[in-house]
Amino acid sequence: MSWLVSDPDEDLVQRGRAALALARSQMPLLDGIQREAAESRPLAGHRLVGCVHLTKETGVLVQLLVASGAEVAWTGGDEVSTQDEVAAALAVEGVRVFGRRGMTTAEVGEAAAEAFGAFSDGPTMILDNGAHLIEMAAASLDRHPQLRGATEKTSEGSRRVRELGATIDFPFPVVSVNDVVTKWEVDNTYGTGQSTLDGILRATGMFLAGKRFVVCGFGHVGRGVALRARGMGARVVVVCRSAKTAVRARLAGFEVLPLESAARTADIVCTATGRPDVVTAEHLDLLPSGAVLCNTGHSTAEINLADLQARTVSTEQVRPHVRRHRLDDGRYLDLLSGGGLVNLDAAEGNPSEVMDVTFANQALVTLGLGGRPDRYAAGVQDVDAAQDEDVARRKLAAMGVRFDGSDQPAGTTRGVGEDKSA
Amino acid sequence: MSMVRDLSLADVGQLKVDFAARRMPVLSALVERFSESKPFIGQRIAACLHVTTETANMCRALVAGGAELALCASNPLSTKDDVAATIQRDIGAEVFAIYGCDRETFYQQVQGVLAIRPTIVVDDGADLTTTIHNDYPQLLDEIIGGTEVTSTGVLRIRNMATDGALRYPVLPTNDAATKHLFDNRYGTGQNTIDGILRATNVLLAGSVFVVVGYGWCGRGVAMRARGMGAKVVVTEVDPIRALEAKLDGLDVMTMDQAAAVGDIFVTVTGNRDAITYAHLQQMKDGAVVCNSGHFDVEIAVSELQANATARRELRPNCVEYKLSNGRGVILLAEGRLVGQSAAEAHPAEVMDMTFATQALGVQYLIENAARLEPGIVPIPRSIENDVASAKLRAYGIQIDELSAGQQQYLTDWRVGT
Ligand SMILES: NC(=O)c1ccc[n+]([C@@H]2O[C@H](COP(=O)([O-])OP(=O)(O)OC[C@H]3O[C@@H](n4cnc5c(N)ncnc54)[C@H](O)[C@@H]3O)[C@@H](O)[C@H]2O)c1
C-alpha cells in the first residue's frame with residue numbers, strides 16, 4: 001500500500017488553497033524569495049525530498065521550492081500534524097505528497113521511506129526536521145551519489161546530525177539552520193515563548209498574575225517562556241543546570257533556584273530543556289496540591305510520567321488538555337497535554353510570521369545549494385553569517401522598520417558574524 | 001415558578017460550582033462567616049448576573065446569610081444551564097435563566113425575579129435597575145438599596161442620579177479597588193491577550209499594539225501587551241490618563257496617527273465610535289481590530305460591514321473585510337468583548353474578589369439603610385480592606401502593621417517639620 005496522496009477531493013483542494021493563501025499573506029519573506037527564485041530558477045533539474053510537518057506554512061515553503069524549478073516529494077514526519085487539505089492542494093500542483101493526518105508511528109516511517117524513494121534517480125536535495133531523512137541518507141550514502149545537499153531545521157535534529165557527522169564523512173554539505181540568530185530568536189524564543197503561554201491559557205484558563213511559575217531550562221525556548229510568563233504577571237523562577245545560563249537568568253532579573261526548592265511553592269512547572277527526567281519522583285513529592293505540570297521542550301520525557309503514574313490513584317479529564325492525577329497522599333496535580341508539547345497540542349504552535357522567518361532560512365540555504373553548490377563545503381555546516389544578516393534585513397523590511405544600516409548594502413552592517421552568542 | 005432548562009443537570013453543575021469554590025477563598029470564607037452571623041435574614045434580593053459557577057458561589061454566600069434570592073441572567077448567552085440548575089436545586093435561589101432564550105422570554109425572566117418584591121437589587125449592566133425605575137415604580141418603596149458591578153452599568157446609574165431619577169442608594173462595586181484592580185486591570189488585561197491569540201494566533205512580539213483608552217482596562221491590556229513583547233501605543237481623550245501612559249513609557253498619539261501605524265487595535269473606552277470608519281480606512285492591510293469594552297459600540301462595525309467589498313471568515317471569531325481601497329481589516333468577534341467571545345470569561349480567582357466585594361456591599365447597604373440617601377454611595381474603605389486582607393491570607397502573605405507612633409504621625413496634623 002502507498003501513502004501517496006492522489007486524486008484528492010475537489011472540496012479538500014479548495015480548502016487547502018484558501019489555507020495556503022491565508023498563510024502566504026502572513027509570510028512576506030517566503031513570498032518575496034519565491035518571486036525572486038521564480039525568475040532565476042536555481043533548483044531547475046533538482047529532485048528535492050522534504051520531511052517537515054505538513055502545515056499550511058510548510059505548504060508555502062513547498063510552493064516556493066516548486067516555483068524555483070525543483071521536482072518535490074514531501075512527507076510530514078508526524079502522526080497528527082499533517083493538514084490533509086494542504087496535502088491535497090499541493091498534490092494537484094504536482095508535488096508527490098506522502099501520508100495523512102492520523103497515522104501510527106510505524107506508518108509515519110513508511111511514508112517517509114516512500115518519500116525518500118519517490119524519484120527513480122533518487123533525490124538531489126533534502127529538507128529535514130528531526131534528521132529522519134538525513135539518517136536514511138547516511139545509512140545509504142554509497143547508493144546516493146546524486147545527493148548534493150541537505151538542511152536540518154530543529155535543535156534536536158542538528159544535534160543528531162552532528163553526532164552522525166562525527167563518524168561519517170558526508171560527501172555533500174549538511175547545513176543546520178538552527179543555530180542562526182534569526183531562527184532561534186524569532187522561532188525558539190519569541191514564537192515558542194508566546195505559543196507556550198497561549199497553550200497554558202487555552203488548556204487551563206487560569207489566572208497567571210501572581211502565580212509562581214517555574215521554568216526548567218533557560219535556553220532559547222526557556223528564556224522566551226520566562227519572559228512571556230513574567231509579561232503576563234507571573235512570578236517566575238528559573239531552574240537550570242549550567243552556571244553560565246544561571247548567571248544569564250539571574251542578571252535578567254529572574255529568581256534562580258534548584259528545582260527542589262522551587263517545586264515546594266510552584267503553581268506551574270514548565271519544562272523546556274530538551275532532556276529527559278527533569279521533573280522526577282523527588283520533585284513530584286514536593287509540589288503543592290493543584291500544581292500544573294507541562295512541557296514545551298523537545299523530549300516528551302522531561303516530566304517523568306512513570307514516576308507520576310506510580311503515585312497516581314486515579315485520573316480524570318477535567319478540561320480537553322488537562323488530566324488531573326489524584327495522588328496516593330491526597331494531593332492532585334494537573335498534567336497538560338500528557339506531558340507532550342503544550343504549545344502544539346493546546347495552542348497552535350508557531351504563528352505563520354514566525355515560520356516565515358524560519359523557513360526563509362531553510363529556503364535560502366536550499367536555493368543557495370542549488371545555484372552555487374560550492375557555497376558550503378561538504379560535511380556538517382552552520383548557516384553563514386551573511387545569510388543570517390540577509391534574513392534579518394528581509395524581516396525588518398517586511399515590518400517596515402528602518403535602522404542605521406538600512407541604507408547600506410547587506411553585509412556591511414557592523415558586527416556581522418560576531419553575534420553568534422547572543 | 002422558576003425557569004431553568006433542566007433540573008437534572010444540577011449534579012454536573014454542582015461539581016463545577018464546588019470546583020470554582022476552591023479557587024474563590026475569599027468568597028468561601030464569607031459563606032462561613034454569613035452562615036453564622038446571618039446578616040441577610042428577612043431580605044429579598046433580586047439579582048441580574050451572568051449565570052456562571054462564580055455567580056453561583058456568591059448566591060451561596062447570600063443565601064447562607066439568610067436572604068431570599070431570585071436570579072435572572074444579565075445575558076442569555078452566558079448562562080450555563082447546569083449551573084442554573086444547581087443554583088435552583090442545591091443553593092436554593094429562584095432561578096430564571098435559560099441559555100440562548102429570546103428577548104421575550106428574557107423579559108418574562110426579569111418579571112419573575114421582580115415578583116420577589118426585592119428589598120435589595122444586585123445588578124450587572126443596570127438593566128434591572130432601569131427596568132424597575134421605568135416599569136415597576138410600585139416596587140421602589142420597599143427597596144433599601146442596590147449594587148452595580150460593571151463600569152458601564154455604573155455610568156448609566158450615575159446618569160440616573162444626575163437626572164434625579166435614582167430612587168434608592170446604589171453601591172458601585174466597580175469603584176472598589178478590589179474589583180477594578182483585579183477584574184478590569186488584571187482580568188481584562190489577560191483575557192484580551194488570550195482572546196486575540198485564540199482568534200488570530202498572530203505574533204505579538206514586535207507588533208505595534210494600539211490601546212484605545214487608558215482606563216483600568218486599558219492599563220491592564222497595555223501592560224500585558226508589552227509583556228508579550230509588543231510595542232504599545234495609547235490613544236486617550238483624558239489629559240491625565242494620557243500623561244500617565246506617557247510616563248509609563250508608552251507612545252501616546254491621536255487615533256488618526258495611530259490608525260496608520262498599528263498592527264493590532266483594542267478599544268477599551270466604554271464609549272462609542274472610538275474607532276470610526278475613517279480610522280479603519282487609514283489602517284494597514286491586515287490590521288487586526290477588536291474591542292474589550294462592555295458594549296459593541298466602540299468600533300464602526302456596521303459601517304464596515306455595509307461598505308466592505310468582500311467578507312471572508314479566516315478563523316472562528318476572525319473575519320476579514322476588504323475595503324474599497326483594496327486593503328483588508330480583520331475584525332475579531334464582530335466587535336464584541338474579545339476576551340469573553342474568543343477566550344473565556346474571567347477566572348474564578350478574579351471573580352472571587354468582585355463577588356466578595358459585592359456581597360459585603362449588600363451587607364453594608366442593610367446595616368446602613370437608615371442613613372443612606374438615594375444616589376451613588378461611595379465604597380467604604382473597610383470593605384476593600386476586608387477583601388484585600390482575606391485575599392492576602394489566601395496567598396499566605398503577611399504584611400506589616402502601622403506602629404502606634406506611625407498611626408499617630410499619620411493622623412495628627414500638629415506633627416510636622
Ligand atoms: N472585557 C472585560 O472583561 C471588561 C471588564 C471590566 C470592564 N469592561 C469594560 O471596559 C470598558 C472600560 O472600562 P474601564 O474600567 O477601563 O473604564 P475607565 O473609565 O477607567 O476607562 C475608559 C478610558 O477611556 C477613555 N476614553 C473615552 N473615550 C475615548 C476615546 N474616544 N478615545 C480614547 N480614549 C477614550 C477615557 O478617558 C478613560 O480613560 C467599559 O465598557 C467596561 O464596562 C470590560
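Even glycines carry a Cβ here, placed using N, Cα and C.
TrEMBL: automatically predicted annotations, no manual curation.
When A:Asn129, A:Asn343 are compared with the NAD(+) site residues A:Gly219, A:His220, A:Val221, A:Gly222, A:Arg223, A:Gly224 in TrEMBL, the one appearing in that site is A:Asn343. Our reading of the NAD(+) binding annotation (A:Gly219, A:His220, A:Val221, A:Gly222, A:Arg223, A:Gly224, A:Asn343) yields a largest Cα to Cα distance of 17 angstrom. A count of other CB atoms within 10 A of each Cβ picks out A:Arg223 as the most crowded of the binding-site residues A:His220, A:Arg223. Highlighted here would be the binding-site residues (A:Gly219, A:His220, A:Gly222, A:Arg223, A:Gly224, A:Asn343) whose C-beta falls below 6 Å from ligand 1, but none qualifies.
Report note: the NAD(+) site is defined by A:Gly219, A:His220, A:Val221, A:Gly222, A:Arg223, A:Gly224, A:Asn343, and the residues of the same chain whose CB lies within 8 Å of the CB centroid of those residues, excluding them, are A:Asn188, A:Thr189, A:Thr192, A:Gly193, A:Gly217, A:Phe218, A:Val225, A:Ala226, A:Ala272, A:Thr296. If you count neighbouring Cβ atoms within 10 Å for each of the binding-site residues A:Gly219, A:Gly224, the highest count belongs to A:Gly224.
For the domain 'S-adenosyl-L-homocysteine hydrolase NAD binding' (A:188-349), the predicted model reports an average pLDDT of 95. In the three-state DSSP assignment, the secondary structure recorded for A:His220 (NAD(+) binding site) is helix. For A:Asn343 (NAD(+) binding site), the same-chain residues 6+ apart in sequence whose C-beta sits under 8 angstroms from its C-beta are A:Thr192, A:Ser195, A:Thr196, A:Asp198, A:Gly199, A:Thr296, A:Gly349. Residue environment of A:Val221 (NAD(+) binding site) contains 28 other Cβ atoms, counted within 10 Å of its Cβ in all protein chains.
Taking Cβ-Cβ distances under 8 Å and a sequence separation of 6 or more, the neighbours of A:Gly222 (NAD(+) binding site) in its chain are A:Val215, A:Cys216, A:Val238, A:Cys240, A:Ala272, A:Thr273.
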